[in-house]
Amino acid sequence: MQTLSIQHGTLVTMDQYRRVLGDSWVHVQDGRIVALGVHAESVPPPADRVIDARGKVVLPGFINAHTHVNQILLRGGPSHGRQFYDWLFNVVYPGQKAMRPEDVAVAVRLYCAEAVRSGITTINENADSAIYPGNIEAAMAVYGEVGVRVVYARMFFDRMDGRIQGYVDALKARSPQVELCSIMEETAVAKDRITALSDQYHGTAGGRISVWPAPATTTAVTVEGMRWAQAFARDRAVMWTLHMAESDHDERIHGMSPAEYMECYGLLDERLQVAHCVYFDRKDVRLLHRHNVKVASQVVSNAYLGSGVAPVPEMVERGMAVGIGTDNGNSNDSVNMIGDMKFMAHIHRAVHRDADVLTPEKILEMATIDGARSLGMDHEIGSIETGKRADLILLDLRHPQTTPHHHLAATIVFQAYGNEVDTVLIDGNVVMENRRLSFLPPERELAFLEEAQSRATAILQRANMVANPAWRSL
């Protein structure tokens, strides 16, 4: 039995009462929160280790509700100025094909270093390069070592609508030197591979790794494939996830919105999490709400690619579970939940011309308890409550940018940078303390970053991508 106690911190619990407890303690035993209280009212039990949280705010770990990890090695140049399909077919797919398993291992470690340093403890990795041999094994080995909580949502594509092909051919003319590649699979092959993946990895790493099926989009996956994913999720008591209405092509092809299309086939259910939802109207929001579908909003990525803004306030008003995802490492170019929270608040204030449309409290909920709800994991993570996993972060607000601070939620959402995250626990294990990562010691960090830079350059060269074009002011 291992015990740990965090003492004299300010707890932002995110429990159903949204209690904020000053000068409080949390007691952790074998990876779970077993007790908490206020020092003036109770005495914490003895512990093997005590973390002094004086001057710090203790929060549930941030939950990255939708992301693509490997593409972090494709950021920093080749994606800029590209719309969605241009970016997808001229950067993402060829870039991932040019990666080797050793590159994937470096990408995962780099991603986790940045994520943990911004307070992210859980990620929903939409693995769209799992088709390539060795990539899954390389990623899982690093996830197990690092200690983050991972939903490994294994994506699959089993059809390409002919109406998209002509558009793709035209876009390829922009980058003729880049090889066109396909990640299509036969439906039966995808089923077998995802089943084997789940059998091997679901519940491993002390229960931190989960495996979901992830049909890519309604236009890239057959109805048969989506029905199988839905049944798989039900039979194995997991979720399934899908990219929905990230571009307007889905509706053009179906002649109706993706939400309407899925409802026609009985594919909307409470185990489904959909990402993006940019090209949505009130009818689509109503359909998702009716079927208790969960949502992940990638607000920075959608803006980066010029796609648009999802109707998040309308979903929130209905009480839907909406989490925040940083999305691709190369369509955001950072893995910083605090930065994405700030952008989420600002863009919706601007779009709605309403300075109170999403409160900082709601934004913080979206990054924690609502993010957990969007993953169907709110019984285990997302709040500081007895019985839940000890995924906790300590923020030190004694920085110039967070001084003065009075309203905690507003300070975190609008003033913080991310470097205020001082200590991170996942399953009660300390994976960062005093900004020092357990899986990337300071004496190794510079050499590792140089290796990541070198590997990224080699990937772009193998894919014939131009990462540093001429200076362009317009």
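Even glycines carry a Cβ here, placed using N, Cα and C.
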According to Swiss-Prot, H66, H68, D327 bind Fe cation; identify which of H27, H276, H289 is listed for that same site.
-> H276
Reported as an integer number of Å, what is the Cα distance between S331 (site 'Major determinant of atrazine specificity') and H68 (Fe cation binding site)?
-> 10
How many other Cβ atoms sit within 10 Å of the Cβ of H66 (Fe cation binding site)?
-> 30
What residues, ordered by sequence, lie under 8 A Cβ-to-Cβ from H276 (Fe cation binding site) and sit at least six positions away in the same chain?
-> H243, M244, A245, E246, A296, S297, Q298, N302, S307, A310
What other residues of this chain sit with their CB within 8 A of the center of the CB atoms of H66, H68, H276, D327, the recorded Fe cation site?
-> T67, N126, H243, A275, A296, Q298, S301, G325, T326, N328, S331
Since the record lists H68, F84, S331 as recorded positions, which of them has the fewest other Cβ atoms within 10 Å of its Cβ?
-> F84
Whole-number Å value for how far F84 (site 'Major determinant of atrazine specificity') lies from H66 (Fe cation binding site) (Cα to Cα) | 17
D327 (Fe cation binding site) and F84 (site 'Major determinant of atrazine specificity'), compared by Cα position, are separated in whole Å by 13
DSSP three-state assignment (helix, strand or coil) for F84 (site 'Major determinant of atrazine specificity') = helix
